[in-house]
Amino acid sequence: MVKICCIGAGYVGGPTMAVIALKCPKIEVVVVDIFEPRIIAWNSDQLPIYEPGLDDVVKQCRGKNLFFSKDVEKHVAEADIVFVSVNTPTKTQGLGAGKAADLTYWESAARMIADVSKSDKIVVEKSTVPVKTAEAIEKILTHNSKGINFQILSNPEFLAEGTAIQDLFKPDRVLIGGRETPEGQKAIQALKDVYAHWVPAERIICTNLWSAELSKLAANAFLAQRISSVNAMSALCEATGADVSQVSHAIGKDTRIGPKFLNASVGFGGSCFQKDILNLVYICECNGLTEVANYWKQVVRVNEYQKTRFVNRVVSSMFNTVSGKKIAILGFAFKKDTGDTRETPAIGVCQGLLGDKAILSIYDPQVPQEQIQRDLSMHKSELDKPPHLRPVSPIAIEQVTCVRDAYEATKGAHGICVLTEWDEFKTLDYQKIYNDMQKPAFVFDGRNVMDVDKLRQIGFIVYSIGKPLDAWLKDMPAVA
């Protein structure tokens, strides 16, 4: 019986190991984490992350061949294959600050693996890491090996939050990178055999280590680039009277381009896109590729510009001030069907409005109040730390209240900002909402999910990203 251990019980480690356990009933899978509350949650009926379908998978396997434990060293020592799925945030200080990945947690995991291992192991990079990380980890393991053989593999995840379980059940591809030595090829085959339980052989791609590591960064950079491209077009559409949805539809019909990731919005978020692009920028700069670095930097700059543009549009539309005005924020997660708020555009938008002294009433069906307060009050460097190293409780911001439903959020508000495309926001009773709001009543649709014509018939002044401007907005100051 093969034993698998995964270090890190977060958004990647938990779902991935749960699916491996489900599809490979003869393999024992243990997920370990030093943060005890997270392990307690994985062993309870209230899982620490929200992901459609995850509950069912965990309940089918937990206690049979899927286990969650805080006894990290014991289970690492017993495992044949060790997945490392720890956080690799962007460095906030020192060499490469603001761009390079911080490998502190990765390195400590590698040293611990070397320290406790009593048998040969395959160590699998599951976290997104810079190119050549495997080489550094290999050196740490080799220099501390005590005669034990370690093989390093790169097996990056390509999950999209909200569809992670389906992505794991039917992946576009599984990528495994390893050394081009007999031992390296044998390790690749061992991991390939695990995935072969449910993934067709033609979808399992085997490469060298560096190609696998770079493929993950490149994939996220390309996806983010598409979002920034359509968001750049949305600004031009507003200036010219074009409709970005029609433009996206037209160019998406070109089979060379395709329709995915062409929805204009307030900006991309999530734990990977910005972090991975900045990482790519740093690697390019370190290799003297300044022009390439500048090209990818611009993807992030356009994303920041889009959030700033949205805030400016809100403020300028409402007589150039939101001071003391209640603004309803519908949605805080970075996308629907997840409770994840990492790098969510909502943070930038809310902070921009708070900077103009707005009063915010926030509703999201999956993000708890404490998380929202934490995201708005804590510096990003604090948020990137593991939960047990963060301040115990966030400082409550007086201008922010978190409410239980959209009607409470919008009651008495001057404007509504739709920042997450939750399906429930499409079916709200907007006539009721309009009746309970201050007039003129504004809707700023940051996800282009609203029925604009219907809202205008009710009486709302509506702004949708990249759509022809409402007559009211045309008369307001121009937005840079």
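A Cβ is built for glycine as well, from the same backbone N, Cα and C atoms used for every other residue.
Look at TrEMBL and you will find Cys272 tagged as active site, nucleophile. Residues annotated as NAD(+) binding site in TrEMBL: 8-13, Asp33, Arg38, 86-90, 127-128, Glu161, 272-275, Arg342. Residues or ranges marked as domain 'UDP-glucose/GDP-mannose dehydrogenase C-terminal' in TrEMBL: 328-452.
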The domain 'UDP-glucose/GDP-mannose dehydrogenase C-terminal' (328-452): DSSP-derived helix, strand, coil residue counts: 43 helix, 19 strand, 63 coil
Neighbourhood of Gln274 (NAD(+) binding site) by C-beta distance under 8 A, where only residues 6 or more apart in the same chain count: Thr90, Ala224, Phe268, Val300, Asn303, Glu343
Rounded inter-Cα distance in Å - Asp33 (NAD(+) binding site), Cys272 (active site, nucleophile): 21
Residues near Glu161 (NAD(+) binding site) in space but at least six apart in sequence (CB under 8 A): Tyr11, Glu51, Gly270, Phe334, Lys335, Asp337, Thr338, Asp340
